[in-house]
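Novice: Just passing along the structure, written as structure tokens.
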Amino acid sequence: MDVKAAPNGVATIEDRILRITGYYGYYPGYSSQKSTSRSSVTRCKPGANCPSSHSSISRQLSPLSVTEDSSAPILELQSRGSSGVCGHRAERQNRSGDDGTQTHPEDSSQGNRIKARCLSCTSVVLKAIWGLLIILSVSSSWVGTTQIVKITYKNFYCPFFMTWFSTNWNIMFFPVYYSGHLATAQEKQSPMKKFRECSRIFGEDGLTLKLFLKRTAPFSILWTLTNYLYLLALKKLTATDVSALFCCNKAFVFLLSWIVLKDRFMGVRIVAAIMAITGIVMMAYADNFHADSIVGVAFAVGSASTSALYKVLFKMFLGSANFGEAAHFVSTLGFFNLIFISFTPVILYLTKVEHWSSFAALPWGCLCGMAGLWLAFNILVNVGVVLTYPILISIGTVLSVPGNAAVDLLKQEVIFNVVRLAATVVICIGFLLMLLPEEWDEITLRFINSLKEKKSEEHVDDITDPSVHLRSRNRAIGTVSIPLA
């Protein structure tokens, strides 16, 4: 039974219901056109060609195909109970083909994003693996150097000769670097070309005789003094105490950078410096201020101070250096040591301050082992900055303290009392506080705020989940809410 058209253009009761319920395929005259479309659709036998029906359907769809969404419900209604309607399958295939061509760029961009994430994750994992290896190598090389020095002192005590001998091995730093360059670089350079390229650390003109004497001399003296004081401290104190006291150089670097280089003031690093000084005093008190203990602490603190001065002056005059420039500079220090400082061990030998019977009686095995591990430590520190995160190098250095403590306990050369253990822990904590970045407070606040936002989002999701489940359950049952018009 037909119903006359209403003033609003709605022709039938079905059109009214569809308009009220908000059916997404509704348009004025929907039911009348649907009825005509039903009457125009002819059924045919399977396998038969139905051109007339196909043309009638496409004719009816053409005025409604302004958007792809408007034609979707009509196709859906026509396909119900009419499996033999010809042309519907072709229309659906065309539409699926259009959808596929539209989603293809999105799939490719999503694939590129996944590849980028995989590459970034792979690089992070590789850096972490290299960092773990570098940490173990740095700490073990430093522990090995310290323990070999203690073993050498049992039969041979010539600390300056040992310092001079190990510093000469720095000459091999640049050849080791160039060998790595030949093994890994695609465009290989000649030794002289690479040497000139790395000598730019001294300036645009490269390494000249004036710069060799002006820039190398103070750093070579500081290098020799640092190692010499460290070896003197190992005669008076245990390896654990000396390695712990040497970790105070980070605090001294901060104080000198703050005073000389006008670096940013950080309260947490001031706390770390105070902790380092407290640990020094506690370490001297551990042996009731014994004479040897006080002298040994003074030597170790002096070694840490000259090391800090070396680093601050290097940053002031030479700035930052890459791996090749660092290798060139350390090899230059070795040459300067061989040429200009060789007279010092000769004088000490002639004055019998550091004397030995013959060169054959020298413990060459221990000397070469000490010098090789010292060179390996310097190479690893510079290689580690390239391969992994610089903070891991510092962690490897501080791990030498528990490493030396384990070896001293096995050798029964140290007895840990409460004061000595507390001093070691305080110095190590101060060292770790020095590793905090300059924006550590802002990073911490951002991290705490992100955690709070995440918790609030999870709380909102927990509140909305029951209503979502209730709606989905109502839809599954078939309940439809009809708004009142």
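Keep in mind that glycine also has a Cβ here, set from the backbone N, Cα and C atoms.
In case it's useful when we look at the structure, here is the feature table from TrEMBL:
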| type | residues | note |
| --- | --- | --- |
| REGION | 32-65 | region 'Disordered' |
| COMPBIAS | 50-65 | compositional bias 'Polar residues' |
| REGION | 78-110 | region 'Disordered' |
| COMPBIAS | 88-98 | compositional bias 'Basic and acidic residues' |
| COMPBIAS | 99-110 | compositional bias 'Polar residues' |
| TRANSMEM | 124-144 | transmembrane segment |
| DOMAIN | 130-284 | domain 'EamA' |
| TRANSMEM | 156-178 | transmembrane segment |
| TRANSMEM | 212-230 | transmembrane segment |
| TRANSMEM | 242-261 | transmembrane segment |
| TRANSMEM | 267-286 | transmembrane segment |
| TRANSMEM | 293-314 | transmembrane segment |
| TRANSMEM | 326-350 | transmembrane segment |
| TRANSMEM | 362-381 | transmembrane segment |
| TRANSMEM | 387-407 | transmembrane segment |
| TRANSMEM | 414-436 | transmembrane segment |
Novice: Give the nonlocal contacts of the transmembrane segment (267-286) in its own chain as ranges (CB under 8 Å, at least six residues past its ends).
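Specialist: Distant contacts of the transmembrane segment (267-286): 241, 244-245, 247-248, 250-252, 254-255, 293-294, 297, 301, 417, 419-420, 422-424, 426-427, 429-431, 433-434, 436, 440.
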Novice: Going along the chain, which residues at least six beyond the ends of the transmembrane segment (242-261) come within the CB cut-off of under 8 Å?
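Specialist: For the transmembrane segment (242-261), the far contacts come to 142-143, 146, 230, 233-234, 269, 272-273, 275-277, 279-280, 283, 296-297, 300-301, 303-305, 307-309, 311-312, 315-316, 394, 397-398, 400-401, 404, 423-424, 427-428, 430-431, 434-435.
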Novice: Which bits of the chain, at least 6 residues beyond where the transmembrane segment (387-407) starts or stops, bring a Cβ under 8 A of a Cβ in it?
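Specialist: For the transmembrane segment (387-407), the far contacts come to 127-128, 130-131, 134-140, 142-143, 146-147, 238-240, 243-244, 247, 250, 380-381, 414, 416, 424, 427-428, 431-432, 434-435.
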Novice: Taking a Cβ cut-off under 8 Å, which residues six or more beyond the ends of the transmembrane segment (212-230) line up next to it in the same chain?
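Specialist: For the transmembrane segment (212-230), the list is 159-160, 163-164, 166-167, 202, 242, 246, 299-300, 302-303, 306-307, 309-310, 313-314, 317-318, 329, 332-333, 336-337, 340-341, 374.
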Novice: Cβ pairs under 8 Å with the transmembrane segment (156-178): which stretch of 124-144, 293-314, 326-350, 414-436 has the most?
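Specialist: Ranking 124-144, 293-314, 326-350, 414-436 by Cβ pairs under 8 Å to the transmembrane segment (156-178) puts 326-350 first.
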Novice: May I ask for the residues of the chain that lie six or more residues beyond the transmembrane segment (326-350) and have a Cβ under 8 Å from a Cβ within it?
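Specialist: Tertiary neighbours of the transmembrane segment (326-350) are 158, 160-161, 164, 167-177, 195, 198-199, 201, 207, 212, 216-217, 219-220, 223-224, 318, 356, 378, 382.
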Novice: Averaged over the domain 'EamA' (130-284), what pLDDT does the predicted model reach?
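Specialist: Mean pLDDT, the domain 'EamA' (130-284): 89.
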